[in-house]
Amino acid sequence: MLHRRIHMTTYNIALIGFGGVNRALAELIATKNPLWERDLGFRLNIVAVSDLYLGSVISPNGLDAKTLVEANFAKGGFGQLSGGSAEADNETIIKTAPADLIVEATFTNPKDGEPAVSHCRWALQSGKHVVTTNKGPVAIAAQELKAVAHANGVHFEYEGSVMSGTPVIRMAERTLAGAEVKGFEGILNGTSNFVLGRMEGGLDFATAVKEAQILGYAEADPTADVEGFDVRLKVVILANELLGASLKPEEVTCKGISKLSPSDIENAAAANSRWKLVGSAVRNEDGTVTGSVSPKQLPFEHPLAGVNGATNAVSLNTELLGSVTITGPGAGRIETAYALLSDIIAIHNAQATAKREAA
Ligand code: HSE
């Protein structure tokens with residue numbers, strides 16, 4: 001299904017969900033295809049979009065990304081487009097769109113990962129690669145979905161599910177291969193880190209949470225951010241990926257920041273320390289892996305204590321290098337869309353390697 005031209009590959013993609021992240025990817029496609037062709041060797045062509053609110057559309061020759069982003073579609077608005085319908089029929093779109101690759105960016109369901117798990121499964125079973133920033137299917141069903149991908153000769157990539165565009169999964173697995181990761185601790189939720197910083201500055205909890213929502217860091221339901229549930233999914237993903245664990249979210253102890261009072265914040269500062277919401281996991285002597293999420297009072301000199309605002313960071317504890325800290329954005333529309341691009345680059349490079357080896 002790949003359309004080859006001289007020195008150039010076009011990936012036909014279908015966007016499932018057209019909220020902030022996939023809209024940001026469409027924005028990038030509208031302006032950056034020429035650059036990607038030149039520097040990365042491929043361009044992206046949107047052949048289908050499906051969204052619960054807007055409906056769905058299939059256009060085998062490709063939709064104009066700029067129009068998609070700029071047209072202010074009302075509810076069911078995709079119904080006005082040629083090949084469009086006011087209803088979102090994700091299953092049909094995923095199974096029948098003439099796409100090489102499905103970009104899954106619907107809402108995160110922390111309980112069973114649905115409907116995103118089904119979206120990924122349908123795509124992989126129909127021989128389409130999947131890239132996603134959705135934590136639900138990765139935390140809950142990564143093992144199964146990787147097996148389905150493997151059985152169908154396609155890729156399942158999810159770099160953005162932990163620190164949005166900041167590379168942690170491939171960094172740890174590829175660049176640090178052989179360094180032997182034994183555990184990690186990280187600031188993995190931008191909203192709660194932002195809120196703690198604003199509370200240090202004297203703001204009350206509720207106002208700080210509202211600011212994080214306005215800035216677009218918070219989940220649709222910010223309870224997941226401040227109670228640690230979002231970090232818990234990220235700890236599960238990293239522990240399973242980097243430490244070979246098979247943890248389920250309910251096996252990771254979880255405490256958020258909502259009970260921290262202004263006096264807790266002041267007392268920490270008086271003791272040259274500050275509160276951070278820390279997600280961590282460690283491989284124990286007996287090979288088991290334990291994960292936890294909890295507010296911790298870190299001394300100012302701790303590598304995670306100086307991580308401010310919505311920035312994320314993770315310190316990997318490695319056998320051969322000691323502690324390696326990766327820091328960068330952990331949320332944001334364009335930042336998260338970049339994670340999707342990085343997944344597509346990884347797929348493109350793997351395909352190129354496979355072709356060279358087959359030649
Ligand atoms: N709500 C999340 C955060 C976004 O604040 O970090 C990325 O998962």
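Cβ coordinates come from backbone N, Cα and C, glycine included.
Straight from TrEMBL, the features:
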ACT_SITE  Lys234  active site, proton donor
BINDING   Lys135  NADPH binding site
BINDING   Glu219  L-homoserine binding site
DOMAIN    84-159  domain 'Aspartate/homoserine dehydrogenase NAD-binding'
DOMAIN    167-345  domain 'Homoserine dehydrogenase catalytic'
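The residue listed as 'NADPH binding site' sits 7 Å from Lys234 (active site, proton donor), taking the Cα positions as reference. Less than 8 angstroms from the CB of the residue listed as 'L-homoserine binding site' sit Thr108, Thr191, Asp225, Asp230, each of them six or more residues away in the same chain. Confidence annotation: the domain 'Homoserine dehydrogenase catalytic' (167-345) carries a mean pLDDT of 96 in the model.
A 10 Å cutoff on Cβ-Cβ distances gives the residue listed as 'active site, proton donor' a total of 26 other Cβ atoms nearby, all chains included. In terms of DSSP helix, strand and coil, the domain 'Aspartate/homoserine dehydrogenase NAD-binding' (84-159) has 34 helix, 12 strand, 30 coil.
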